[in-house]
Structure formats: C-alpha cells, structure tokens
Amino acid sequence: MHGESPIKRRESRKIWVGNVPVGGDAPIAVQSMTNTDTNDVAATVAQIQRLVDAGVDIVRVSVPDMDAAEAFGKIKQRVSVPLVADIHFDYKIALRVAELGVDCLRINPGNIGREDRVRAVVDAARDRGIPIRIGVNAGSLEKDLQKKYGEPTPAALVESALRHVEHLDRLDFQDFKVSVKASDVFMAVEAYRLLAKQIVQPLHLGITEAGGLRSGTVKSAVGLGMLLAEGIGDTIRISLAADPVEEVKVGYDILKSLHLRSRGINFIACPSCSRQNFDVVKTMNELEGRLEDLLVPLDVAVIGCVVNGPGEAKEAHVGLTGGTPNLIYIDGKPAQKLTNDNLVDELEKLIRQKAAEKAEADAALIARG
C-alpha cells in the first residue's frame, strides 16, 4: 500500500492531445503505435481497441501516403482514443489528416522539406487546435549535423531539436512536444537531460528501436526509469518488436514502479526457492492472466514462505504467505488460512472482492471532494 511518488517532476507547459493533457501537472500519458497496415481499417481499429482495453492514453498511426491518410480518416471515426498521425516526407499528408480530425501531428521537420511546407503544416495545426510532436531520431539526423558531429551524439540530437523548436517559435507556434530518441540508452538519456534544461515544452520519452519483448523492455525500463526518476518526461512510448499491447503493459509497469501512475494490480512476488509451500511461478502466471481486466490500483503480494512473507503481505492490500497452511492477509491483517487446493481460485476471489471494495471507497472519496 504505497503512497505518492517522491519524484518532483520538471515543470512544463501543458498541451492537449484530443482530450488527454500532456505536460504540466497531468499524469504521464502512456502511448503506443499500431503495427497493422493502416489501409486495413478493420484490422487497425481492432488493434486500437485492444490497446484501449490495455489502458493506452494515446495511439500513433503511421500514415505513409495519401491512401493511408484517407484510411486514417475512417479509423478516426471509429475510435474514441486520441490518434497521432506519424508523417514523414510529404507535408500534404499532414494537411489532409488535419482536415480529417487528427489529434496530433508527429513530424520530423528535417524531412518535411522547405520552410514554406513546414509553415503550411503549422498553419493547419494552428487553425484546428492540433498539437505537433517534433520527433528527432538518431537514425535520421540532418546531413549537416551528421557531417558536423561525425556520428549521432546527444549534442547532435539536441541541436536538431532546438533547430526545429526555433523554427516553430518563429512561426509563433507553441502547442508542441519534443522527443530526442536513440536506440542507445546513454545517448537518449543524456539528450533528454540536455533538452529538458533548455525548453519548457513537454517531453515525449522513448528508447527507439529498443529490441524485442525482453531486451526492449529492459532497455526502456533502464533508460526511461533514469529520466522519470529525475522528474523528466510527460508522456512515454515503449518501442518493442512485439505486440503493441505489451508496450502499454510495460509502460504502466515502469510508471507503477516509480509510483507515478497506478492502474491495475501491482504484484509483489518472490522468485521462489525450495522453501516455497506452493508453486509461486505457476500461481503468479495464472493470477496475472486472470486479473488483467482489473483496473483498480491494488498491491498484491505472493510470497512462497514465511521468511519474507509476513512482512511483504502486511504491506499489501492482499497478501499470501506460504506456510502450513498458507495465510492470507487483507489490508495488513491476517484474514484466513488456505490450503494448496484451489489456491488460485480462492485468491482470485479475495482479490476481486478487495478490488470492488476499494473501487467503491475511492468513488465515495471522489464524490465527497
């Protein structure tokens, strides 16, 4: 039953992506990106709905050409979550999705082209109240910066970002956020640190092309964890070569670990050893699968023996300590004993009961103001 995060977040300007605030005092928003063919409207809508069910706040959709832009408009009509259009090279695509109701434009001004084209995109965004994300990536730095620095560096990423920020400043446009992504953790972290000191706009965090589910999760947790612990970051996207739903889960797990957001169950579980009185790994796998639908923030401890079990269980909303018999704690107090027979079924029932009670109590507290 952990309290508020001790992290003091960097002060930033608040913008709105659809109905989701980003920056300022807003919760750190969790994003993901579809990996379907955007022209396959049904498949893309279905994937977006799965992301919504997982708790995503904002979804980015790649729009590589005009056909995809028209498909984007149809997708937008069928979903409620804010959509970001990912635009490269052709500024006319950005103009079209702006007409079709996009909630945010992700552009790399370095590959959009001449200043008049960037101005056209900015004017369209301003007229419709659409924010822009300046997306700088180590893999697509401007040629002059590549020549100047010889290779991608934190300073090169920041110089590119500030170049585009100054461009928007000249156009008197402030409704934007910025990312400076790299696949190298240290490069990305240092770039964000440098940029955070120089602008007030919200920062979109990510380790780009981080890798597969396991390696990408580790890289993202390390890199984003370092930044978030320093108060840097207003929205996050975990880039994984995996099901996009996993990006949302990992994003929330990172935020939960830092007490920056709470959604669903925060499991505390031992790695298990020969002292365990029940199969901890099997129990955890079953519980995680069964309880994915719960959205109420809840700490659940699953500890296999009495060495650390009672201490961890007393700190959780629901805790299980292995023993003969096993002992359940509710809100830090011993509640009932359980044998290994139907252990997961009984534990699931108790967790759901506690979640319902907490949801009711939280609702009453909100109603009282």
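Every residue gets a Cβ built from N, Cα and C, even glycine.
Per Swiss-Prot, the features are as follows:
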type    : residues                       : note
BINDING : Cys270, Cys273, Cys305, Glu312 : [4Fe-4S] cluster binding site
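On its own chain, Cys270 ([4Fe-4S] cluster binding site) has Gln276, Val280, Val302, Ile303, Gly304, Cys305, Asn308, Gly309, Glu312 as residues at least 6 apart in sequence with a Cβ closer than 8 Å to its own Cβ. The most crowded of the binding-site residues listed here (Cys273, Cys305) is Cys305, judged by how many other CB atoms sit within 10 Å of its own CB.
Sequence-ordered, the extra residues of this chain that approach the [4Fe-4S] cluster site, with Cβ no more than 8 Å from the Cβ center of Cys270, Cys273, Cys305, Glu312, are Pro271, Ser272, Arg275, Gln276, Val280, Ile303, Gly304, Val307, Asn308, Gly309, Gly322. A sphere of 10 angstroms centred on the C-beta of Glu312 ([4Fe-4S] cluster binding site) encloses 20 other C-beta atoms.
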